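Summarising the annotation, TrEMBL assigns domain 'Cadherin' to 45-157, 157-265, 266-380, 381-494, 495-598, 599-702, 703-825, 832-931, 932-1039, 1040-1146, 1150-1260, 1265-1386 (among others). Per TrEMBL, the feature transmembrane segment maps to 1609-1637.
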Amino acid sequence: MQKNTTLNVNVSIEDEVQGGGKNNVVVVPITVIISDENDNAPEFQNAPYTISIDEDTPPNTELFSNVSITDKDTTGANIEVECINSSGYPDACEIFNIETLSSAQNSYRGAIILRRKLNYAVRQEYEFFLKASDGELSNTTTVTVKVGDVQDTPPYFIGNLTAEIDEDAPINTLIMTVYAEDGDRGIPRKIEYELVNNPMSYFLLDAVTGELRTARPLDKESIDNPEGILKLNIRTGRGGNDPLTVTSTEAIVKIRDVNDEPPTFNKREYYVEIPENIQEGTPLPGLDMTVKDPDEGTNSAFSLELNDISGAFFIEPKAAVGSTPITIRVANSTLDYEDPNQRKFIILVVAKELYTEKKLSSTATVTVTVMDVNDNAPTFDQEGYSAAISEMATAGTLVITIVAKDRDSGKFGENGIVYRLGGNGADRFVVNNRTGTVTVAYCEHPGKPDCLDFETKAEYQLQFIATDDDGTGQTTTVPLKVSLIDSNDNPPIFSQSIYRAFINEGTVKFVPDLVVEATDADKSSHITYSIISGNDDNLFSIDPTLGRIRITNNKGLDVSNDTDNVITLTVMASDTKYTTTAVVNITILDVNNNAPVFRKSTYVNSIQEDVEIGTSIDQVDATDADNGLNAEIEYFIQKGAYDDFQIDNTTGTVSVSSKLDYDRRNRYSMEIVAADHGSPSLTGTATLIVNVINTNDKLPYFVPTTQVAEVMEDAEVGTLVHTLIALDPDVNSSEALNFAATEPITALDKHGNEVDIVGNDAFKEFFSVDKNTGKVSVLNPLQRNIAAVVRITVLVTDITAPTVQQGQGLLVITIGDVNDSPPTFLPPWTVENPIYYLELKEEQPVGTIVATYNAIDEDSDIAGYTITPESEYFQINNGTGIVQIKKQIDYEKTKEPNFTVLAFDSGVPQLNVSAIVVVKVVNLNDNDPVFSQREYNASVDENSPNETFIVAVKATDLDADEYGEVTYTLTGEHSENFKIGERTGYITVANSMFFDHERINETVVQVVASDGAPGNLKRSVSVPVYIKINDLNDNAPKFSQKVYNVTVMENVRLNPPMRLIQVNATDEDTGINGNIHYSILSGNDNDIFILGIETGILYPHKSLLGQTRDFHLQVEARDGSGNGQLYDRATINVHVLNVNEHKPEFVMPSLSNATVEVLENEATQDYLVMTVKAKDKDENENGRLTYHFKVDGENVQETKEFRIDANTGELRTKQLLDRETEPRYELVLVARDHGSPKWYETVRHLTVLLVDENDNRPEFPGSKSTNPYHFYVPENNENNILIGRVKALDRDEGNHARVFYYLLTGNEDGAFVLDRSDGSLYANKSFDRERRDEYSLLIIANNDPNFHPTPEQLDQLGEEGEEMHDRSIANVKVTIVDLNDNAPAFEQTVYYSAVNAMANLNDFVTNVTAFDPDFGMNGSLTYYVRASNLYKFNSNRSSGSIVPSPFNISDKGEICTATYLAENNQHRFVIDVIARENAFPEREAYAQVYVWIFEPEQLIRVILSRPKEEVTKERDEIVAELSNATQSLVIVDEIRYHIDDNGQKNEDWSDLYILVVNPKTQTILPVPEVLKIIDSKYDFLKDYYAGFAIENVVPAFVTEKEETFDPTLAALIALLIVIFVGVITFIIVCCCLRHWVISPTDLKKKDALIKKAIIDDLNTTENPLWIEQKLKIYEEQELTMQVFNEPEQNVLGRRGSDDYVPDDNTYATIQHPNRRASSHVASMSLADDLADYATLSGVAHRQSGSNNSSLRGAPNYYEAAMGFQGSTFQVPDRLSSSTDYDAYRARYKGSELTINHEGQPEYVAELI
């Protein structure tokens, strides 16, 4: 049926025709319909079904919509499908469902729907059946649903996160390893760890391994938590704060204290100043010294002592714990500043631990400077002084200079002397209070009676007073007589009719002085002053001579609110015949000089403690005698209120502001302040005492609330178990408290379970409580099987309270068991075989649980478990016995980390049992390959051919065999363009077409390194390789245009030049290859234009006026910054336009407002008044000028009186001019050019003045004082200050005799203003002598009030020297007087230098230069060394300033050595250099000089084929390039002429000796390392080598290589030497004994050797002065030996010097050495271990790798042995260089002393 539904057939019938005829056939078609039957079951299409979905798919989601079923039958019911659970997934059809989309008899389509949320962690796969049925037949298929994991479960931490570590643990110490796993197990994410907080940056957390390590030294003392506990927040995940991907936890690290902190001072150095007359026992002022030891317990106990050889001081206290302030007191009062040895004391304070093993200590130095007391008065060279000046002397004229001397120092001496003048007339003069220069004071009318006037006063008898201590100390006076030289019946006249003065009350003098002044024109008159009225109370007096009004009351004037504040005085001036009066109004200003006063000093009140807030307690009241604001009073509480009281600021009412509590505070003493509103405000105080009255309102309470006690089970009845403790703040007696036990009373059994009270409450009667004492005792026998812990509720009652006051507490009593059985572990452990076996895989994470070990006990519970001894890899939970991994186990490091577990019971006494755990570790492939770098950087040129090498990468794997074999592959974008050696890691070019810098200039590929493990065990890592594609110059520049056109005006701006046009070219290359420079090749005749090299902007360079009108410039753009091979060219066409750019300029008249005088009798018709002349710089019509008058805005040629010729400019009169009719005419002249399209004109105002005849001109006097005039003005003056006055006379009369003054020359900068009417010369600016120190002015006197000289006149005047013989011209010289107004400054703030460790005294180190632009004494400087800070080798921390300084500085700034520096070999100094002015105010400049102490072997010699002089000039540039190449500091030691290999000097070459210093460590780099760096930078330096003519860079001194020798041969040679020496010794002793001569200097070298041996045996921490006493016996021997010495002082020189300069040790400081052991890379001297200042080292300096004695060839004086070479001393090394060493050899001629081959005198004693 399924094939055909109908069957069609044809039925035919045929007859037979007889006779051979055709048969007849009839055909009938028949159709058979086939009926269908339901005989086929439905069939699923494309079955079975597999569906994959993520676990976060939401419910009701259609998962699969292609469930298709067909049925071949056409009959039957519609197809239906149902879900059937499979046996393994019984709930699948509840989670998934089939939904019909369409259904028919022969087809079906459906979809699978999700009904419930999935969870990958619960189930990863589901399976169920679909059953399809057509009503009769059915079919099934399987549906499989795979659930995909989604990252929706956060990671979680595993293991213990608590650890302890000692604070002295080294950096990178492992503290713990944190471990976390991802909650999603399907596709677990890689876990990364992060520290959210890092207390004090102490820790580092490995993001991958989880290892928590120390990142820096720990310090428990700096942690706020007293237990040393730090809490760290650790986060794991992939960043962000999503709770589904991130988990945080807290780790606890406890820092354990160790004794690592010495007692430390709050400062290393202290500086104190005390006067020389300080009293005994006085503490040093301002010391502020404290010592603190931050350790705990006995570790912080320390002693204090003072090392003071002078015995002048003592210390308090002697010992302390933790922290203490320190006081140092003066032990004797005999200090004397005049004794140079008592001006400064440097003492050492030592703090040393008392009870520790190390006895750590620290020191501090106290520098006590004794200050001078002013005990010497100034002295003068003469008993009296005299001077003579003209009475016409102007202000600033020098009278005399007097200087005093003073033996004291500082401000008590000459630096602090202040000069002043005293005596009648002292105000006529001014004295410089510092220099002693006396000059004439300013006076408005010199020669007049109010100034110096011979007729008024011919002689001044003054007192010249010198006072030290800046004017407040001792005073010396000498007489000064000033005589006036005479140069030539009126009543006195006051300068003012009314004088007004204002003075504050209480002031005893007027500021400024109140002086009334009258003048008298008579020569012989003497004016006296007096007060004739208004001085009723004799409050004032007046100086009868000077008119100075003074206040007679030494308490000053007083004004109050009820007195008048204005006083009017009438002052009379009398010359004995005439009198005149003036009024003086004195206003007394109220001063806030009365403080508020309280009516009572103390207020007392009482108050109940329960009073309400706001209750008023008392009111205070104060009054003030001042006026106005000064009398307004405001109140406030200064202290004592404790915020419980407040005061009304206006009324003074005090009230309660917070709840009072008698038990907290029962008495208040408040300081109340009343302040007025004056300025400054004055205050008065009073005390308010408030007593708080107690009330019984507090409940009693137990302390603590829960109290604990223990008692053994076998305790007898009556045994005291506990005494309850309770307090009541309101009662003082315990009798007021009653105790009782009350319900509930509960108990716990020995298993910790609550005891059931029903039928089992006997425990309630175990104990009783005494109500009076609170003592708890056993009442009945104890039964621990009933109750092991009893909890009793207790009450305390205050029986004295008015109401019931009770407190409740809890008493917990533990009943102890008696223990007799130890615990036992569970099987397979047995007592006979106490072993467990454990097998683990390596590298399991920290926190992994590996086993649980439990024990049981018959008597009691298990108290806990522990691993003993502590295991490195395992830890056990104390309560559960669970063992976890504490540290990851590496099979390669350990294979059997066995451990022992102990279990403890809780009985008394406590018992335990142990179990041995044998651990077997299983090996894994657990190491990733590791690259040698985190990333690689390489570069390759563009267009590089295939196989070009780029870079090599390298990775290693710690695993063995094939797990450790590494292969390399490339991945990432563009990786196909590269290839890598599978085994070598060499990356090369694979596609050369890819390397085009213009297309891509850099790329990155990933290199994957994989180990040899198979399949899933293989481990791989990758690293990025950053490859830069270098640009090559393969693109030429291209101009944007080939032709540029620009038009410009001929007057184009040149400064700054105007931009004309910009050409532009581009280059596709980059860097220097693409850096285009522009240039003009041709067409730029006479350099008219300039082209910006980099910008391409064309500018005018020279004026275009008169130039060619068209320019054709050929320009070029060339790459490579103008030096490349590729270029492009273009043309710029410039067209220049002409312009009328200049205005006419008048030549005559030249001034804008000119005046021309015409004698009236000459002003006839057609009289030529003048010829007007102007000029114009333009050409042709632009420069052609015509002349006109300007009348009513128009240009005309005539006025009523005058006419002007337009072309010639002749100005003539049109008619006769009459002076009586019109004396002056105002004309406006016009000069106009004819420019086009724009013309210009210029106007001049001309005054034509008809004047009378003037036949005399003004003339200046011809005396020496006026020709030239000489005026002085101090620099930094104020504007408009009068400098001087010139005076000329004119013998004419009337207006013709009026003289006007004009400045001709010398005032080009406008520095002066001349009053033309009286000749007064004023300053128009503030002068600066450093810019200009003198002006030469020419002043002309004439009768013209509007005189303006033309430039031509001025030029002619200067050329002809007319001013020398023209009496109408005065020559004025103005000298600018220098003031000390410039501070000194150094040329550099930092200098670098180095000095040989074997340098002599006064050897040159370096030169520093400071300058001061001031003049003379003001510009002179003194240099001094303020501090010489010592920095030990490889230390960036200063050891302090060395006193006295090892360096001196000269007046020229030359720094030289002041002591021998061998002891400081390899150390460095930072010298603070000061340049101080010699003149007041003695400002200072500051610079630092870094000095390294070196050995010759550390020098590098740079050989240059240039003379020494040329190298010296380019020294800084050479040093800069070497510094740049080495990335270090290069210091030049010296420059010498070159010495070749044959020892010949070549002056055409030079040798530059340098040192190279590491800028980070500040240490001198070894020579091989420097040479290696320089060799590596050869490509960088080769151009500089050629430029500087550097031929070679080599070590300065080559150390000879030690040759090996045969020991047998050496022994034989030694034997022969012994025999030979013996014979020679015998001969010398016999023959030369009486001629034995030892020079004192060489004797000192030997005694230094002997003393060295003695010092080596002494304790180097002792004071060297004490050691000196121990060496006293040796000194006596030395004195005896010196008797036999010849008086010869030859001393072996250092660096070729034969001079011996003894050292000063005025302030040598003694300090203990540091007790911590240390080593030195370059020196083994104990000086490395010594403290900051002068210390003694008895160990000789040794040079590593040298066989030479450190004492050979070096001077070794007695002072050196005693440690007094400056601040510290160390026996120096000999120079390793044979060249320098030869300089130390000496042959003593003329004596019988023999010098051996090593340069040492041979002694008989040396053979002993």
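The backbone N, Cα and C atoms fix where each Cβ goes, and this holds for glycine too.
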Can you give me the average pLDDT across the domain 'Cadherin' (381-494), rounded to a whole number? 86
Select the range from 381-494, 703-825, 1040-1146 that forms the most Cβ-Cβ pairs under 8 Å with the domain 'Cadherin' (1265-1386). 381-494
Secondary structure composition of the domain 'Cadherin' (1040-1146) [DSSP: H/G/I, E/B, coil]: 7 helix, 48 strand, 52 coil
As a quick check of your reading of DSSP, tell me how many residues in the domain 'Cadherin' (45-157) are helical, how many are strand and how many are coil. 4 helix, 61 strand, 48 coil
Would you list the DSSP helix, strand and coil counts for the residues of the domain 'Cadherin' (703-825)? 7 helix, 56 strand, 60 coil
Tally the residues of the domain 'Cadherin' (495-598) by DSSP class, grouping H, G and I as helix, E and B as strand, and everything else as coil. 0 helix, 46 strand, 58 coil
Which residue counts does DSSP give the domain 'Cadherin' (599-702) for helix, strand and coil? 4 helix, 50 strand, 50 coil
